[in-house]
Amino acid sequence: MLRKVFAVVSVLLVVSAAKVTKLVLDDNYVNRVVGGEVAKNGSAPYQVSLQVPGWGHNCGGSLLNDRWVLTAAHCLVGHAPGDLMVLVGTNSLKEGGELLKVDKLLYHSRYNLPRFHNDIGLVRLEQPVRFSELVQSVEYSEKAVPANATVRLTGWGHTSANGPSPTLLQSLNVVTLSNEDCNKKGGDPGYTDVGHLCTLTKTGEGACNGDSGGPLVYEGKLVGVVNFGVPCALGYPDGFARVSYYHDWVRTTMANNSK
């Protein structure tokens, strides 16, 4: 089944009511949190929402420092910096927080080569963010997270396939798989490799539309970026960019674009 589902994945460009081009992916690719609970206020102060003005929440992301947000490449392709803003400092999409302007979008030069690989990108804020109790950076991990580890997924993705999007940030603990188990349970080894991290708990728990680009955290460090899944929470693994694998790319890309 998974092999067939992945085969029909396609990228769609949709124009919002505000005539702003927004990149979305069909339901076989973008993700959200299913089976989670409302996150406590301030429990994920590194979590941001990438927003399209006039449209709203598009993807998640993680604040790495006062200027940079880590997200998925597919959240950035087709956009110019002026197309996006970054919401920080709130668990609610309806109130609180601060919307920040973006001045640079960067993603891996081999994004989607091969398909579903190198899905990682960076967003540079126009001005440094002001840190507070509700706005904090997260350290990105240099070490690979082990299999069978309990990790934390957060996001504003749909709470069921074709279901509603939550106003409040959702949180869910999930369990990592080895790449071997991920390929076995996913049904097609061509879509995951050493640059991926997979999670799976049970049917009814996982990522969904709107979670893309968001954080997966282990022992307080960022270990994954939401990439893809079978919508939604149907008992198949969810795929993430493995942050430890892309650690050097993240570090050098930020350093080379600091001015």
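Each Cβ is built from the backbone N, Cα and C atoms, and glycine gets one as well.
As annotated by Swiss-Prot, active site, charge relay system applies to HIS74, ASP119, SER212. The disulfide bond feature in Swiss-Prot is assigned to CYS59-CYS75, CYS182-CYS198, CYS208-CYS232; the stated evidence is sequence analysis. If you look up Swiss-Prot, you'll see 33-255 marked as domain 'Peptidase S1', on the strength of sequence analysis. For 1-17, the entry in Swiss-Prot reads signal peptide. Feature annotation from Swiss-Prot assigns site 'Required for specificity' to GLY206; the stated evidence is similarity to another entry.
In the three-state DSSP scheme, CYS59 (disulfide bond) is classed as strand. When the Cα of SER212 (active site, charge relay system) is compared against those of the recorded positions CYS59, HIS74, CYS182, CYS198, CYS232, the shortest separation belongs to CYS59. Among the listed disulfide-bonded residues, namely CYS182, CYS208, the Cβ with the most fellow Cβ atoms inside 10 Å is that of CYS208. With a 10 A radius on its CB, CYS198 (disulfide bond) counts 26 other CB atoms from all the protein chains. You'll find the Cα of HIS74 (active site, charge relay system) roughly 6 Å from the Cα of ASP119 (active site, charge relay system).
ASP119 (active site, charge relay system) falls outside any helix or strand according to DSSP and counts as coil.
Most other Cβ atoms within 10 A: among the disulfide-bonded residues CYS59, CYS75, that distinction falls to CYS59. The separation of ASP119 (active site, charge relay system) from CYS59 (disulfide bond), Cα to Cα, is 13 Å.
In the predicted model, the domain 'Peptidase S1' (33-255) shows an average pLDDT of 95. A straight line from the CA of CYS75 (disulfide bond) to the CA of CYS232 (disulfide bond) spans 18 Å.
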